[in-house]
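Going by TrEMBL, these are the annotated features:
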- 11-411: domain 'TRAP C4-dicarboxylate transport system permease DctM subunit' (DOMAIN)
- 49-67: transmembrane segment (TRANSMEM)
- 167-189: transmembrane segment (TRANSMEM)
- 216-232: transmembrane segment (TRANSMEM)
- 239-256: transmembrane segment (TRANSMEM)
- 276-298: transmembrane segment (TRANSMEM)
- 305-330: transmembrane segment (TRANSMEM)
- 336-354: transmembrane segment (TRANSMEM)
- 361-386: transmembrane segment (TRANSMEM)
- 398-420: transmembrane segment (TRANSMEM)
- 427-448: transmembrane segment (TRANSMEM)
- 460-489: transmembrane segment (TRANSMEM)
Amino acid sequence: MVLALLGLASVAYMLWGNHLPGVFSHAGMDIQRFTYLVSYTNEGLFGTGLQVAATYLFMFMLFGATLQATKTGDFIINLANAALGRQTGGAAKGAMAASAGLGTMVGSSVGNVVATGTFTIPLMIKTGFRRHVAAAIETNTSEGAQLVPPIMGAAAFIMAQITGISYATIAMAAILPAILYYLSLYWVIHIEALKEGLHGMPESEIPSARQAMRDGWHLLIAPALLFWLLIVESFTPAYASLISLAVALVAGMARASTRISLTELLNQFDIGIRQAAGITALIVSIGILQAGIVSTGLGPRLTEIILAVSDGSLLVTAFLAVIAATLLGMGMPTPIAYLLLAMFAAPALITAGAPKLGAHLFLFYFAIKSGSTPPVALVAVVAAGIANANWWKTAVTAFVHSLPGFIVAFMFLYSDALLLQGNAVQIAMAAVTAGVGVFAMAAGIQGWCGDWIGWPERAALVAAAIALIDSGSITDLAGLAAVGAILTLRLARKTPRKHA
């Protein structure tokens, strides 16, 4: 509905926008030019979006369908629970790892919730998590799946087409942000479990890691091969996914437990093709919006408005971009929201000083997070439905839990070292400061750092996390020193003194 209304508004703007006052007015166009722009140019119905869908999307969706058919998803869930199930809050941490793993196959937040949430949410509730908290955790872990290469919610393919940056570079750049995103959720889950006095999963429900690897190690061959072909060998995405699909089929046949019939394979292919077709239809329809923004010069004017309001400040420009991403992402698939933002918000961020790849990944990140933002919050609604929880409380909790991850997104606006651009020392320093930053923000918003902490310490931790966003030496040292001082103080208070 949102996309349909925007499409109608775009048509009306192209045809009659010349009657509007001020900066939103344009030279106008007749019906012949409108038809030509929409039907025959790269900014119309059959432009960039359709090229991406035809070249990349369908093959990757079929690859994901093949992994699903060979029960790779079940293997990932078992392995995640085996690795993390015994830890504090183990059920939620297992859900987090499972969603990250399934992100390599699904590429959709709602699809990930449905695939994992029906199992993980009841398990989290059973081990003591409140219903809305369990749903919020599943919401955030499933949204993060779109950050995980190679599928990345199809937006990576669109990003490559728009920016001219190779898909392999984009996929590689997304690895560290994805790891840090899930690290932020790990700390949030851990602190939440400590606050509530929760433990791990029941021993009887924790799979054996050795047995899981023995039964399913061969299922990792195809995903590993795909990464190798894309990143190391620089194969085209379509060719790499085709080869990996064939290897996934052969690997699945190696064991009776993962062997599939032709009917099962065709059923999964049918699901994958339907999903790809649905996304393609939306991408094609966005061509009308793209034509309206490009042909009328609206994109550059919106960029100028953002820069005028922000006075060229990168931080203010970023906050305005977040607002735009949240509004555009309501009720709209992530690739569509990102494509719209790339037309006007990305140029504003780049002009304000952000690196090109960092600006586009920043917008992609917040287009993803719009799925849990009220009033639409589709991902949160689906998760709350599974948990039988209040969807509004779920969405608000998911937003609060997301705050530590926001640190990472703002960081790669100021430095592209987190995107693996730079030397080893720069990348290592960026990873360390980001890791400390997400911990500080998680501890600050949760009010827990080994024990309950007061508002002054919470405020100091949040301030330290914000200071670590800037890649400057002074802000990094100040942020690290503040976190170190608070941790030392907490440790000194907890350590009993020896009396002579």
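Each residue, glycine too, has its Cβ placed from N, Cα and C.
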Requested in this report: Compare 216-232, 276-298, 361-386, 427-448, 460-489 by their Cβ pairs under 8 Å to the transmembrane segment (305-330) and return the stretch that comes out on top.
Outcome: 361-386
**Report entry** Recorded stretch that, among 49-67, 276-298, 361-386, 427-448, 460-489, has the most CB pairs under 8 Å to the transmembrane segment (239-256)
**Finding:** 49-67
Query raised in the report: What else in the chain is close to the transmembrane segment (276-298), if you only count residues 6 or more beyond its ends and a Cβ gap under 8 Å?
Result: 3, 6-7, 10-11, 13-14, 17, 24, 26, 29, 37-38, 41, 43-50, 52-54, 57-58, 61-62, 154, 158, 333, 335-336, 339-340, 343-344
